[in-house]
Every structure is written in structure tokens, then in C-alpha cells.
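These features come from TrEMBL:
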DOMAIN    4-93  domain 'Ig-like'
DOMAIN    100-194  domain 'Fibronectin type-III'
DOMAIN    197-290  domain 'Fibronectin type-III'
DOMAIN    294-382  domain 'Ig-like'
DOMAIN    389-487  domain 'Fibronectin type-III'
DOMAIN    547-634  domain 'Ig-like'
DOMAIN    643-737  domain 'Fibronectin type-III'
DOMAIN    740-833  domain 'Fibronectin type-III'
DOMAIN    837-921  domain 'Ig-like'
DOMAIN    933-1026  domain 'Fibronectin type-III'
Amino acid sequence: MLPPEIELDAELRKVVTIRACCTLRLFVPIKGRPAPEVKWTREHGESLDRASIESTSSYTLLIVENVNRFDSGKYILTIENSSGSKSAFVNVRVLDTPGAPQDLKIKEVTKSSVTLTWEPPLIDGGSKIKNYIVEKRESTRKAYSTVNANCHKTTWKVDSLQEGCNYYFRVLAENEYGIGLPVETSESVKVSERPLPPGKITLLDVTRNSVSLSWEKPEHDGGSRILGYIVEMQSKGSEKWSTCATVKVTEATITGLIQGEEYTFRVSAQNEKGISDPRQLGIPVIAKDLVIPPAFKLLFTTFSVLAGEDLKVDVPFVGRPKPAVFWHKDNVALKQTTRVNAESSENNTVLTIKEACREDVGNYLVKLTNSAGEATETLNIVVLDKPGPPTGPVKVDEVTADSITISWEPPKYDGGSSINNYIVEKRDTSTTTWQIVSATVARTTIKASRLKTGCEYQSSVFLSWGKPIYDGGSEIQGYIVEKCDVSDGQWAICTPPTGIKNTHMEVEKLVEKHEYKFRICAVNKAGVGEHADVPGSVIVEEKMEAPDLDLDMELRKIVNVRAGGSLRLFVPIRGRPTPEVKWGKMDGEIREAAIIDTTSSFTSLVLDNVNRFDTGKYTLTLENSSGTKSAFVSVRVLDTPSAPVNLKIREITKDSVSLSWEPPLLDGGAKIKNYIIEKREATRKAYAAVVTNCHKTSWKVDQLQEGCYYFFRISAENEYGIGLPAETSDPVKVAEVPQPPGKITVDDVTRNSISLSWAKPEHDGGSKIIQYIVEMQAKGSEKWSECARVKTLEAVITNLTQGEEYLFRVMAVNEKGKSDPKALAVPIVAKDLVIEPDVRPAFHSYSIQVGQDLKVEVPIAGRPKPTVTWVKDGQPLRQTTRVNVSDLTDLTILNIKETSKEDSGTYEITVANVVGQKSASVEIITLDKPDPPVGPVKFDEISAESITLSWNPPVYTGGCQITNYVVHKRDTTTTVWETVSATVARTTLKVTKLKTGSEYQFRIFAENRYGQSFALESVPVVAQYPYKEPGPPGTPFVTTADVHGKPLPTIKWYKGDKELEETARYEIKNTDFSALIIVKDAIRVDGGQYILEASNVAGTKTVPVNVKVLDRPGPPEGFGNYQHHKGFYDCLLEPAR
């Protein structure tokens, strides 16, 4: 009996790392007697259905093929027999793209943006997450588009979204192995917010107890449909707004108001996101009945209508109370019937005319009257109809052997429009066939030439029958046509007994060679009216006629029709017997959807919803026993172009693909303006535009991702839009051998080795760089020998000969092959280097806002590696967890976390080695709001109404200029501070408009771009003059003088060179014959010489006056001349001045 044992290999005791899509093999030797039972499990109970497990008495083997990120984790092996059990586990890490990010949430939605947040994936694919890819998709589309492919946070604001649209969002994590699984919003997100306020509010009407309002829709509905509007009102004297109406339209009538009361109204819009800010009516409204004289609001006074159609004439007006409305036609009160009637409302009257006819033409007068006055307006109604017949008789003005000149008068009724032209026909009286002489006669006379000498002709103008002048008070229901064979005199009905609706008819089944008469009756509800006879009689003769057709002038040109529209080809035909009609299309078949209609007199082809493929020549062939006639109509469908043809790949480089193609076979009936080239990565579903305005049939698509597979497609564009695309059938891979490595740098040289580094190639050729090959060449040799193969961007070449000179070069290798070599520019001698130390900061000063982290990197150099010392403001830098220095081979780095203002100052860096030393300094400026201004606050001048303050600037300005000072004041009887000025530019301010005798306290703030300092407060100060009742020695003195002169002189007082003016302390009282100056509260500085000046046109006289002010003496002068001996000082003082 032997208890179970598990012998885990050393590799299985570590983390087993394996690439995705590879095969995982866990081979574990085991022991035990009897042979133990083997059980494999996963740590969290995951399924092992995909695993293949093989176990014997000496080992167990677990195999998982094609592993993915979900196969990462602990695999637990348990073996058990009757002697006991044993367990062990193996940690497996599958190197794969990451799993989906977790907990994707919508943090904020505005009218143009959505803010997303998420958590990192639970499975990182065995590699650090490099970045996230954020994508969006409109709910109406299938393909996602990239918003940000390089997001380094777990939150992102997606902006520039279409307001009101629904979007899905998804986020994918990316590591060094690629882009992982996406997490997607489960429901679409509507980009909207609450609406803007409604537009301008208009007062429509006011009565004693109601108000009618209307308003404009909001400029923006917030991206969501407006559900309704809330109308609120506020009575005068009340602060409360109450809801008075909730409506879905942009108008409302508010009832239940109190007569004479004044109200204010406001309206808010509401959507699914909430209620907008309200829009208020500009003025209050008083509930009272309005009195307004009637007035019309017509835009025009002439109205036209086609004969047989209905006309509604809407006449808006205003008037309070509601005016009475009267209609007149041609100065006679309008007779209202079921066909012609007028209806009126509060603000308009509507005249309705059904089946307008020429009798409705005329001037209509509308009259409005109410208690405030009356108004009238004349309207002109024109019925547009075919004209009446020309006025006869036809005059024969001149007759020759082969021509006749005839004339006639214009129709009495022109149908509401000027006569365009007359049609003149002729008929040989021996036949019944009329032939057109001219269809474009502009005047009322014509000369018909080329007539047959001796033949009789008749000229006329053809008109069908019109409606009866009087309908009997009931609508006409139809017409009955009767015929009479002259040979038997019997009348027979040609129409159904109920009649026909049309005012024209073709009478069939007549006997050839017989003469017929015709008459027509109108029918209404009351019965059949009197008949109207067709003048003369008609002899029916059947004549053989070869087929012919009349192509309209428009059909002789190219027929243009817009895509999606209908093609209608109508061609009048003739021929006896009725010809057989065949429609065809050159170079193709007519679509089955075409509707072809044919009668004895016309044929038509109708094709709805046409497209570019319906372009071409349509042929029409007529055939009967008398002959054949053919014609064609060219049709051009104005559509977007068809797909370009013969799309080819001309050239592929490492980052570009050159395409060529030929124009579309169908240009859509318009010139090709340009081509649109698009590309699509094979891993994506959506195309992205490369160029939308290409005017050639070739293009080089550059800036492609090396190594990626792409599809390309080309679409042509004309004035009607973008046509069908031509697409490459297979994906195109963008790849080639890599470019040479970048610049090679010598990092270190010793007597027997050299360290090299280099930059990656600018392009890896579209395939991953597998390795780099380093080769060297000794001086005097032409042979290059390989000295290193590395996967990194650096290599150390050893075993060099001291003093020997070498050249080096590096090549990059990918799956396509080796790049061209990149050579080191100069040869290198193998010897130990000695380099004087050097330190060169990139900048002399660094500015950082307080609270943020600062990292200062200073390049250093020197061999051997120099020692680095940092000094701040003359003292060695004290390093803490917050402020510390780290040194690399060629850098010294100062790190300061959460910078404070104490970190500002000058930092000196000293580097030293055996060769020497060198120093450099950098200044760090911390940016923050400033310190308070420096006090105390000085009161430079005080009066009863003003106080002039001054102070000193802050010691610490926050690293930038003080923009302004803010001064507050406070009456000491309150706790409320008031702003005196927030824009003080200097350190002094005169505060005015103070209350005499009140005590004030002031405080001053300094302000820069980063904020406002704490306040500097002053001591309290009273707003009053700084002097009291006079007393010795400060008694006032008075100086007077008698003044004489003619004319009376002008008097001025001077002290020194300065003219004296009246102030609170100086009072000057001059009269015609005396000069007087009073100086109040005299002090020592008021002493001295005063000069009185009197001047007139005769001259100037000055008199000096000496004033001495009696006061206590000033302080002694000259203190400081002293000697020390035996513990005493001998001082020498000078008398006071």
C-alpha cells in the first residue's frame, strides 16, 4: 500500500504562460498503490468539456487545444486511493487580448454628448491594459465608428453627437496582443436634454373673463419631442405662479379671470427629459372687453380659379365686438345657393364657390360693421377657362385662284387669360376631313394659300359643348347624346339612359355613306332638359389611311425624368383600319412593370419608379394594311451613376495602395462630377472615406496601417447623388520588408566592449520586427561579420581588441526579410572613456500650480558616472516621501508630489567626478492665489465723507502678477461687508460717500489669475475731520490788510510759491477794500512768510507777512554720537530746530 504522490515539474510550479490559440499540455507524474483515481477541476468550477484528459497509474495529462483568455486560472489536480488523497494546482495564464470591460454606465447625457464610465476587464489577457477603444453606433445603422482609439482612462465624454438621435456605445480594451471583447450598452441612448424656453408669446385676444395666447416653438426641443406646454399665471400683488392650462399646441385660452384684474402669464415647454425655463409675456394683461373698429387683413384682392374647380376665398379681419358681414356681387347683394355661399366666424369670412364657371367672374364687395365703425373691401374673382368661340361671322376679305384671306373678331370671353393663338382649319366640301391651315395664328386674320382652284372650302374653329347656363337649381348629373339617320328620320340614344359625365363623346357603330344629325340634352335630379342641336348633318365615309403618329415637340428632344419619378410617353396616332402598336427598347428590354395603353387615336407607355437602367431609346412601330410607321423617343433618367468598371490594384507599398478604374457605363443623365474612394479594414464592417472629391480615374490611398488587410470601393457622383459602388473582391495586405533601423547611438565604450542602441525603423514593412542583426567591420578589412542578434533596441558587443578601430551597422528583420543596413556614422576605437561632467537643464524655470505633481528631468553627462547634489536656496535639499531625487545614467530627476508654495525657490544641481565638476540652477515657481496684502492699512487722508487707504503688496504674489485688489467696507454697527471696488489696480484707494461720524472697518483682498487671497483688515476709523476744538498752541490766527486801487484790484494770497485756496483749514474773506485770511488749528508748519498780491490794469503790489506759530519744541537732533566707558555712555546732542 502506497499513499498518493504528485510530482509537479519545476515549470508547473511557476505560472504557465501560453499564447492564445495554442495548445495547453499539463503532464504530471503521479504515484500510489493501488493506482489512485485522478480528478481535474477548475478553481471556480468552470467547465472542462473542451479538455482532453488522459490518466495512467504513473501520470496524468490534461490537453486543451486552441486556448483563449477564459482558459486562464488555477487547474486543480486531486488523486485519491484507499491510502489517502493528495492535491496540487497549476496556474495558467493565457496571453490573449483582454476580456470585455465591466460595468459600462451612462454617467451624463446632454443635447450633443454622452459621458461613459466603465471598470477594467476582469481578464487582462496576461498583459497590462494599454488603452481603451470607444465606439458609437446610431441605432439606425449596423456598423460602429471609432470615437477614440487611444483612451487611457475609464471614462470618456463622447461629443459632437446628433441631437435627438439614438446611439449605442461600446468599449474595448487593448493590450500588447490586440483588441479584446467589447462591452456594449444594452439599450440605445437618446441624445437629448430638457428643451429651451418657448419663443415669443403673442396676446391674441382679451375679454372680461378670458385671455387667448399663442407662442412660438422653442429654438431647440432638447433633442426629444415636445410633449406639451404648461401655461402659468400670476395675479397682481401675488408672488405665487399657478398652472392655468396644459396644452399640446402652441396656443391656449385661459378662462375664469376676474374682470378688471391684472395678470401676468408665462409658458414652459415639456419633453421626456423635463420642463424648460419659462418664457414670460412681456406686459401684464387686464381682463376687460376690447373695442376694435373692423379692419381687413388681406394679403391680396384678386383670386383666380380653373373652370370646374372649387374656390375658397378666405377674408381675415379684426373687430370687437364681432362685426356683421355683408357680401355683394356687381353692386347687388350676393344670392347664396348650395353652389355659392359665404360663412363667417370671429375673425374671418369665407366665400365658397363650387365648380366655378364664367358666370362667377366679377367684383365682390365685402362690408364689415360693428358698434365701433365699418370697413369695406372689393375683391376681383377670375375664372380660368378655355375661351369662348371667336365672334363671327367669318369675313372673306380677299379671294384668288389659290388663296383666301379671312378675318374674325376675338371671343367675348377670354377665359381669364390673354388669347395665345387661333387655330384655323379647312375642309374640301366634298370630304368630311378637316385639315389644319395653321395652329399658331397670332392675329384675327389669315391668308390661306395653296388652295385647289375651283374647290370649295369651309373654315371654322372647333369647340366641344359647354355646361348649361342654368342648372335648374340642381347639380348636372350627365349628358344624353342622340343621333338621327336622315334616311329614316328616327332619333336614337347613343349614351346610356343616365347619360355621360364628359362634355365630349365619340359616336360609334354608324352606317357608312349615311347622313346623320345629332343633339345633346343635360340631365339633373329633376329630369332631362331641352336638347341642343348640332348644326348641319354629317355623312359617314370610311377611308383607308396609312398609319401615322404625331410626336410632340417635347418627345422629339431627349425626355429627361428624375429617378423615382414616372415616365409617361403619350403619342397621338391615326390610321384606318386602326393600326397595330408595338413598343420596344434598343439595347435591352422594357421592364415588365411598364403599362402600355392603346386606342384608335393614341398610345401611351407609363413606367413608374424609373431608375438609371431605364435610360435608352424607346421605339414605337405602327402597322396596318395600308403601311407601316416607326419613330423613337430618347429617354434619359436623371439618377445617380452606375458602378465604375474595371477596378484594379496598380501598386502596393508599405503604407499605400494605388487604385485605377474606368467611368461607369451609365452616368445617370448628368456629367460625373467626381469619385468617392473608401477603405475598410478586413476586421471591420464599416467603410471610411479616403477622398470625396477625386476628379481622376486613379488614386493613391496612403496612410494605411502596415500589415493590415483592406477592402476598397469606388463610387461615382453626379449632381443627383452618389451612385453604386465598385468593390475589390479580395482584401489587399499592406506589407513589405522593413525600413532600416533609426539613428544608432554609442551608449558606452570600454577597452574591450561597446554598447550600442538604435531607434526602431520608421516602418516595419507591415509585419512585426522579429529581431535585429548587428554586424561589425575591423579597420583595414572589407568583410562584415555578424556579432549579435537581439530582439531589443540595444546590444553590447564584447571581446574587442583594445585600441582597435571598428565600424558597426544594424539591420531589422521581419517575416518578409532583412532591411537595408543602418551604419554608425563614425568608426569607434575600443578604449576607456574619461568625460568631464556636464549638466544642462532643458529650462531655466518651471511653473506648477499648487496641489499638482511636478517632475523635473535634468540631463547629465560624464565618465565615470558623476555624483549629483541638489541644493535649495543655499541649503542641501532635504528629501522626503513628497520631495525626492532619483538618478539615472544620464538623468537626474526631481519629483515633488502635491506641490505647495514652500517648494518655490532656486534649486542648484552640482555634478562631479574625478575630472571635475559643474553646476546649473533652475527656478521653480509655484502658482497659487496670493498671500494677503501686507499691513497695517494706512489712512492717508480722512474727511467727513471720505477716507484714503493705502497698503503694501503681498509678500507672495502666487507666482504671477497681481491683477487687482478688492476692497470691502463695514459699518462697525453691522456685520455686513459691502464691496467698495473689485477692480483696484494700485495699493491705494479713496473711499467716498461715507456717513459723517460713522465708524468703519475696511478689508483688502489681493487677486491674481488663480484666485483671491485672504483679507487684510484695518483698525476701525471714524469718518470725520481729524481735528477738534482749537486750543493753545493750536489757536487760529487771522491776517488782515487794507487794500486800495482803481479799478478794484484782484487779491491773491501766497505761501512760498504756492497760491493758497480755500480748504477746511484755510478761510479767505476778501472785500473791495480789505484782504483777510483765517488759518484754523494752526500748527508749526503753518509758520513762515505769507505774501499778499493785489493787481489791476495799473499794476501789481505785493506785501510780505511773517507768521510765527508757538508750539512745544521738536525732538533733539544728532543722537548717535556717543562713547562707552565703565558701563556708561556719553552722548552728544544738538539743539532742536
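Yeah, the Cβs are placed from backbone N, Cα and C, and that goes for glycine too.
All TrEMBL annotations are machine predictions without curation.
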How does the domain 'Fibronectin type-III' (100-194) divide up by DSSP, counting helix, then strand, then coil residues?
0 helix, 52 strand, 43 coil
Candidate ranges 4-93, 294-382, 547-634, 643-737 - greatest C-beta contact count to the domain 'Fibronectin type-III' (100-194) (under 8 angstroms):
4-93
Mind tallying the domain 'Fibronectin type-III' (933-1026) by DSSP state, helix then strand then coil?
0 helix, 50 strand, 44 coil
Within the domain 'Fibronectin type-III' (643-737), what mean pLDDT does the predicted structure show?
87
DSSP-derived helix, strand and coil totals, residue by residue, for the domain 'Fibronectin type-III' (643-737):
0 helix, 52 strand, 43 coil
From the DSSP assignment alone, can you count helix, strand and coil residues within the domain 'Ig-like' (294-382)?
3 helix, 56 strand, 30 coil
